[in-house]
Amino acid sequence: MSIDQRLQLITRNAAEIITIDELRKKLESEEKLKGYIGFEPSGLFHIGWLIWTQKVKDLVEAGVNMTLLRATWHAWINDKLGGDLSLIKMAADYTVEVIKNYGVDTTKLNIVDADDMVKEKDYWALVIKVAKNSSLARIKRALTIMGRRAEEAEIDASKLIYPAMQVSDIFYLDLDIALGGTDQRKAHMLARDVAEKMGKKKIVSIHTPLLVGLQGGQRMSITEGMEEDDIQAEIKMSKSKPESAIFVSDSREDVERKIMGAYCPKGVAENNPILQILKYIIFPRYNFVKIERDIRYGGDVEFKDYEELERAYIEGKIHPMDLKKATARRLNEILEPIRKSLERKPEFEEMIQKISKSVTR
């Protein structure tokens, strides 16, 4: 695979690359690059997470040595799953199982547990050094990476450790690339700034889009005055709002019901969850999407790329109901092997039930 091909694969469907020039230089160096994503095991896996899962797959195929960090301690600090570490660890196992059955070759991943990292004194020395090189105001602004606002630091002081831990994860693993949703931008920018002060390697940040919730992306009064990445974090698909999300364990019928009830105004592409599912989840997996229609309405039509489909939708050539049916059909094809894998393992079925009762924001 050429450098241009690797670059195209790594950057496709990314919301932001900081910076593209640095990424190209790293690829041109011909050194084996190391990347990572850390995930909080915080509940059921919804399809929004498939966006970064696909990007992990892309990076592995592009020859990047990827680390998957099971951020169990981070989830505990963030009060996920009631702060029950045993349940958090179960959720981590479940997440890795989903990633594997999505099609990521987990044998090529370096899977690291935060539990192991926090046992190392060198790790905590890094956390302190990062904190010493960061202002309190900067740390508080970065709390949105946890899905929290700056004022929520008053809940308990451990919340203030979280951003320094995330930056320390990056330095401890000696990474070239950090992958995350756009909601992780503040942590990655903090890491880049602190790297210069501490003489550490400056990461390239790859930010994937956040899938909007099924209710759509109508701007709420709560988002007034917020930065764009924080606004997207507010309207994203969330496991704490089950009817706004599609979970990988949902039945075929539930997927169809949720898709058919989703926000999808005729001719409108902005913050349209159905179009986003097609763009970020379905088209990266399939060469085409077929819209089945009655012959009276023009008959079946196939689209070989997302841009062509979006244009047709904006121009009113595709009806929302036809779009939804095609989306549900393709999405269920992607989810079927994941569902079957979870069904074959009773421990995961039991885990899903426990997690469903314990999900927190």
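Cβ from N, Cα, C; glycine included.
Pulled from Swiss-Prot:
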type	residues	note
BINDING	Tyr36, Tyr162, Gln166, Asp169, Gln184	L-tyrosine binding site
MOTIF	236-240	motif ''KMSKS' region'
BINDING	Lys239	ATP binding site
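Note on proximity: of the binding-site residues Tyr36, Tyr162, Gln166, Asp169, Gln184, the one nearest the residue listed as 'ATP binding site' is Gln184, by Cα distance. For the binding-site residues shown (Tyr36, Tyr162), fewest C-beta neighbours within 10 angstroms: Tyr162.
Within the motif ''KMSKS' region' (236-240), the DSSP-based counts of helix, strand and coil residues read 0 helix, 1 strand, 4 coil.
Computed over the motif ''KMSKS' region' (236-240), the whole-number mean pLDDT of the model equals 76. Spanning the residues Tyr36, Tyr162, Gln166, Asp169, Gln184 that the record associates with binding L-tyrosine, the maximal Cα-Cα distance equals 17 Å. Lys239 (ATP binding site): 21 other CB atoms within 10 A of its CB, across all protein chains.
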